[in-house]
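Annotated active site, proton donor per TrEMBL: Glu172, Glu437, in sequence order. Here TrEMBL flags Asp304, Glu479 as active site. What TrEMBL records for Thr566 is Ca(2+) binding site. Taken from TrEMBL, the feature disulfide bond covers Cys377-Cys424. Annotation comment: TrEMBL describes 1-27 as region 'Disordered'. Among the features that TrEMBL reports, transmembrane segment is placed at 35-52.
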Amino acid sequence: MSNEPGLRKRRKDASQQNASKEAVTAARATTRSTSLSSIIVLVLTALLFYLYQNSASLKSTFNSWAGYSDSEKYYWKGDVDLTADVPKRDAAVEAMLHAWLAYERDAMGDDEYHPISRKGSNLTNAGGIGYTVVDSIDTLLIMGLDEEYRRARDWIENKLSFDQDAKFNTFETTIRVLGGLLSAHHLSGDPMFLEKAKDLADRIIPAFNTPSGLPLSMVNLAKRQGVPDVDNKGLVSTAEVSTLQLEFRYLSLLTDNETYWEKAEHVMSVIKKAHISTGLASIFMNPEDGRFVLAAIRLGSRGDSYYEYLLKQYLQTNFTEPVYREMYDDAINGVHNHLVKKSEFDRLTYTSELIPERNRLGEVSWRLTPKQDHLVCFLGGSLMLGAVTTGAVAQPASIPPRAEELSAQGRRDWATGIELIETCMRTHDTATGLSPEIAHFRIPSDNMDATRAPHDWYIKGDRPGAPAPYDARYILRPETVESLFIAYRLTGNPRYRQYGWDIFEAIEKYCKIEGGGYASVLNVDRVPVGLEDKMETFFMSETLKYLYLLFEDANVLPLSKYVFNTEAHPFPVFHPTIRTGFS
Ligand code: DMJ
């Protein structure tokens, strides 16, 4: 008995111990299940976050569920400040001086410049045609580089001669040299530039003397004769024959000479007549019969500026020639229906090419190729410009436009333009921050490897240790910054200035040659970079001009009063006194 209380106590202790053991076990179980559910919640949240970050469609579903509509992505609602960002604008001027002074020191008057060897070269053995000087002179004027402008002007007056017995590309000579002279004339008022422009145009005009009226690809400037392009069986490229019109029409207005207008306009009527039912244009035409030939359809090389100039001809004469608007609408509908695609992972908007293939029976089918040239990056800005002009329900649309100010087609083009610019910026996700000459977008038949970055697109043929493929180059092209300039002017959204600044900094870091000038990068996805010894003339004419204008006050060369030719030479919008389009 004496043990009883002790026994009871032990039993009590034992039962208390059991109870607390159970409690501990229960508590542990609860803790385990709580931590298990926390882990599950954490994993799920992380998974959802990953998917949200990486899946464009989930992001947009979530955004619309949370009350954000896509329209916020397209219609900027923040502050709009279109005044100059002076330090960044001046940085573009410094870059221009770095490029121009090196050219002037080493190669003044030569057509092209090689900044690493510090040499110049000409397009032909006959002699130069002022390719670099004339292409750059309006940038010097616009940037207020007066001393440099005066020296360039004196060289043009005293040294430039177009009496060169060699063949020159009709399109390139028109957009760079004729375009540069016309723009310099407009900006300076100096009649010397117009005299030179007339002289050059009169040497080019014979290239239009073909059975169809489509100009030949080459022209001998001394002999005043068109020359067929033997490399392409005498065919002419669509972009080249349809990207002379702004220049010849403006010259016609300045000189009161209808011939320039008629020759250029006739080309457009031939193209209209040759119409392909899709609204799209193949990249080659036959100058004999004026018809399209079976060839690739694309917005890149040999196709690009056909689409650009349809819109710009309509804008150049202040909406007075409805035929260009019809042709533009038709072509852009074709682009939307057949070429605009979404990438597999992030649903990036890009443009494909159509390649014709014949089987053994001679039947033609079209293969869709997910290849986008850097050249296509003009299209984002161009579509946005088209949206607020051809796609506006009333003129002028606000800056930025409101959705209700645009027609359905205008809203479609506006959104696609914005998306294309974003895609072009994604092609700058490379080791250098520069974009390659050509990006291929992954499609399921590629054996897509989503672990490779950037996973939606790749540079074809780029393998470690192998020489840089052609596609990997950045040759100082302007198309992305051209679109950024237009997008900023039309929206005031600071993201476009930021994008432009990122590109500018990448150019400064990787393309700048310490002793002067800028060179092309051989592979944008390799650091340290390998360079090619060439500074293309469009670097000073376009890339630096558009960067400068991106950061300049929007009152300078406003888009409502100017059209930029495809080489970035600004021409004023005018009311035609000579002719008013064809039907
Ligand atoms: C320029 O010469 C013109 O913009 C042309 O239309 C095609 N692209 C080059 C620059 O990339």
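A Cβ is built for glycine as well, from the same backbone N, Cα and C atoms used for every other residue.
Locations of recorded TrEMBL features on the structure.
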residue: Glu172; record: active site, proton donor; Cβ within 10 Å: 18
residue: Asp304; record: active site; Cβ within 10 Å: 24
residue: Cys377; record: disulfide bond; Cβ within 10 Å: 30
residue: Cys424; record: disulfide bond; Cβ within 10 Å: 27
residue: Glu437; record: active site, proton donor; Cβ within 10 Å: 20
residue: Glu479; record: active site; Cβ within 10 Å: 25
residue: Thr566; record: Ca(2+) binding site; Cβ within 10 Å: 24
Rounded Cα-Cα span from Thr566 (Ca(2+) binding site) to Asp304 (active site), Å: 10
Contacting recorded positions, sequence order - Glu172, Cys377, Cys424, Glu437, Thr566 vs ligand 1, Cβ under 6 Å: Thr566
Spatially closest candidate among Cys377, Cys424, Glu437, Thr566, the listed recorded positions, to Glu479 (active site) (Cα to Cα): Cys377
For Glu172 (active site, proton donor), the one of Cys377, Cys424, Glu437, Thr566 that lies nearest, given that the recorded positions are compared by Cα: Thr566
Distance [Cα-Cα, Å, rounded] between Cys424 (disulfide bond) and Glu437 (active site, proton donor): 11
Glu437 (active site, proton donor) to Cys377 (disulfide bond) - Cα separation in whole Å: 11
Integer Cα-Cα distance in angstrom, Cys377 (disulfide bond) to the residue listed as 'Ca(2+) binding site': 13
Conformational class of Glu479 (active site) under the three-state DSSP mapping: helix
Assigned element (helix, strand, coil) containing Glu437 (active site, proton donor), judged by DSSP: coil
